[in-house]
Amino acid sequence: MKLCVALDLSTKEECLQLAKELKNLDIWLKVGLRAYLRDGFKFIEELKKVDDFKIFLDLKFHDIPNTMADACEEVSKLGVDMINIHASAGKIAIQEVMTRLSKFSKRPLVLAVSALTSFDEENFFSIYRQKIEEAVINFSKISYENGLDGMVCSVFESKKIKEHTSSNFLTLTPGIRPFGETNDDQKRVANLAMARENLSDYIVVGRPIYKNENPRAVCEKILNKIHRKNISENDIEQNYEVIQQKEWDMCNHFEEWIKTRPDKEHALKEFYAKCGIKY
């Protein structure tokens with residue numbers, strides 16, 4: 001699992017300063033529509049000069065097939081490492097994009113946007129007349145069958161997408177709140193344990209990092225958890241929401257429950273199993 005830091009700050013200077021603070025970390029940077037329109041294509045060059053960051057250019061192209069292919073071709077010339085398009089543009093648009101990018105010796109990864117994480121079921125249904133999960137699976141199959149590299153989706157759809165396509169079909173999951181932060185404008189959010197359990201390949205974290213007084217320390221903490229194969233007893237409190245999400249009703253509070261266990265080691269194994277983590 002890779003960490004992608006969203007550069008969604010108010011000014012280019014703030015974004016570059018954050019990038020400098022995060023030098024030499026094993027991370028990706030996400031450049032969104034706001035930053036790209038404000039700072040232009042040269043902003044990508046400036047970020048690459050700070051460090052050899054992998055760049056995800058998050059512009060979510062959605063237009064007629066030829067226009068989408070033109071746009072994807074142009075941004076691919078910038079040397080970005082990942083771009084995205086809307087799956088709802090259809091298979092012809094997807095095919096044209098991938099045909100156009102096939103001429104590059106090293107093209108960026110191309111992911112499809114399924115359902116924005118700002119959608120809840122009610123709002124999504126009012127537009128698409130489908131449940132989110134049904135639409136996401138349909139979009140994923142179309143994207144996979146027509147040569148895309150993966151999907152942008154919520155954590156809650158990641159594992160199901162792989163089940164209906166391939167374990168190698170990438171999933172990038174926004175809306176990650178690593179330490180239980182507020183949802184802000186996201187509806188379908190999750191924590192690190194959920195992302196791991198649902199096989200996310202990339203997680204996008206923005207505000208919990210750049211709004212912190214020490215962004216680098218937050219990134220290091222996240223990376224430490226990503227690279228840790230198993231969780232320790234110190235992670236129990238931070239993963240309590242996973243227990244709640246699994247509707248584990250052995251007691252009102254996990255801390256109270258584990259105190260009642262004569263064999264703490266066995267209790268921890270049960271905890272790992274409920275979180276979907278190999279002990």
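Including glycine, each Cβ sits where the backbone N, Cα and C put it.
Among the features that Swiss-Prot reports, substrate binding site is placed at Asp8, Lys30, 58-67, Thr117, Arg177, Gln186, 206-207. In three-state terms derived from DSSP, Gly206 (substrate binding site) belongs to neither a helical nor a strand segment and is classed as coil.
What Swiss-Prot records for Lys60 is active site, proton donor. In three-state terms derived from DSSP, Lys60 (active site, proton donor) belongs to an extended strand segment.
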CA pair Asp8 (substrate binding site) / Lys60 (active site, proton donor), Å rounded to integer, equals 15
Here the Cα-Cα span from Gly206 (substrate binding site) to Lys60 (active site, proton donor), rounded to a whole number of angstrom, reaches 18
According to DSSP, Asp8 (substrate binding site) sits in coil
